[in-house]
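Listed features, source TrEMBL:
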| type | residues | note |
| --- | --- | --- |
| DOMAIN | B:83-277 | domain 'ABC transmembrane type-1' |
| TRANSMEM | B:32-53 | transmembrane segment |
| TRANSMEM | B:87-109 | transmembrane segment |
| TRANSMEM | B:121-143 | transmembrane segment |
| TRANSMEM | B:155-173 | transmembrane segment |
| TRANSMEM | B:209-226 | transmembrane segment |
| TRANSMEM | B:257-276 | transmembrane segment |
Amino acid sequence: MFALILPAFLVVAALLVGPMVLLARISLNQYSPTQLMIEATTAQNYLNAVSDPYYRGVMGTTLLMAFACTALTLALGFPAAYRLARMESRWKSLVTVMTLIPLLVGNVVRAAGWLGLLGNDGFINASLRGLGLISQPLQLIYTPGAVAVGTIAVVLPYMILTLSSVIESIPRAVEEAAANLGASALTVFRRVVWPLALPGTVAGCVLVFILCMNTYATAVLLGGSQFKMMAPAVYDQFSRGMNWPFGAALAFILLAATLLLTVLGTALLGRRYAR
Amino acid sequence: MSVASLSSAATAPAAAGPGLSVRLGRLAVSAALVLAYAIVFAPIVMVIVTSFFDQEIVTFPPEGLTWRWYLNAWAQRDFARGFLTSLQIALAATAIGVPLGTAAALALVRGNIPGRGIISTFLLAPLAVPAIVAGSALYMFYLRAEDWLDLDIKATLGGLVAANVLITIPWTVRLVTASLSGLDRAAEEAAANLGARPLTVFRRITLPMLRPGIVAAALFSFVASFENLELNLLLVGPGRTTLPVAMLSYLEFRMDPTLAAVATAQILMVTILMLVTDRFVKLSRIV
């Protein structure tokens, strides 16, 4: 049986674990403008990243964006997932496929769509001008708001699919019993649906949070030149800055922050669930 | 029953259909559904619509409608070659990753393997590590390996396919595991009891039952690899670029109907693949 697992195991070990160890080692090296990299064992790259106000700002933007998008996605995704989970089966499979397609369409394609919608001559500005509501175009594109909307559109299908499969497993009878016993719709939600769906909510939020922390295409294309998130910052260090040790340190800071917050969030929400 | 719930039952309108709070709740839930799907689909619809605009710069309203951007897109070497490169990479990575992932998933679900949870987490790890981080690590790894082996790896087909197998293996493990866990073992046991050899049981019983899972895995693996941007971003090079990377570099300068045509072609491909797969496997039951 191990022989069946071994090939896949070796591929992941060789192409993920090995390179990650190498990247960790590189993050301890020293940058040299002339030689690119000098072998060393120093935490200087991490210290530089943490102490530099610019990168602190980038991290702050990333965290804020990830938290805000996760919260909004949950707020919008939960009712949508509930509705999907409680649909008749014929409609349900149609809507599920409809949810899967955008998930597979790719972030670059969707960013292109937002550029057409939010641009200065884009659909929204042109419509508002056509209606005589504005004379000057609103600055919609290249704003943090554009990145947030673009990101939410990317992660919503993940949230809806994760949540709806959990909500589906909650028997309708439980809700009906609560309602028959006099609970209002809000109480049924608060005391029955929400607690029972909490494991799915945690799973969905963790998944979405990770995706938001690592937003690349949406941030680059919709955020404009002043807007910077961590994933593009990592890329810049490798491609343009050629400062590999610093880029590696940034990559691990991003990874560590994501892991730490997801573990923390799961533990906190999980404890509430246990109680 | 508590007094509080009794009293709220008393205040609820009796026998007049659902109460106001219930109806408002349903309305809010339906509104959220509509809003959610509007946000998800708005950019996709937008891309499709602008690909038919008869002008170079996307402005509203359009001056006319045309098909010519599709021809123009194919005439642009970056897009045509990017498309073919992405196609090659995704096909090869699927052909390698699906058998490896299926074998592993089979052993994980049906074998009595100690540390099963850890192994499965390990095999799914490539999906959990941020693609840009994994891509940077692979980039460094490839450069180091090129030094040692005196061989081109970065921006070669082999290097890109290897990287994309990191996408196809975890997707396959995830989907095949999910489809296997729902299957009853009784049929296999019955066949074995009736004297079928293990290989026959596998070929005649297990494999046919696995087929939906494998089809879904192959589809997802292909599409996930085809549309991947971040993992490949640092691994491509001049002369060999994937379609998403080519689109990203184009979009950093302008958004026009040519790009929209390329994007629409991709949307069409994904949609057709999904609908075809859905005929074989009910996707709503697997994902």
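Count begins at 1; order follows the chain as displayed.
Glycine is treated like the rest: Cβ placed from N, Cα and C.
Automatic, uncurated: that is what TrEMBL annotation is.
Taking every recorded stretch in B:32-53, B:87-109, B:257-276 and counting its Cβ pairs under 8 Å to the transmembrane segment (B:209-226), the highest total belongs to B:87-109. Against the transmembrane segment (B:87-109), stretch B:155-173 has more CB pairs under 8 A than any other of B:32-53, B:121-143, B:155-173, B:257-276.
Between the transmembrane segment (B:257-276) and the transmembrane segment (B:32-53) there are at least 3 Cβ pairs closer than 8 Å, counting only pairs 6 or more residues apart in sequence, which means the two stretches are in contact.
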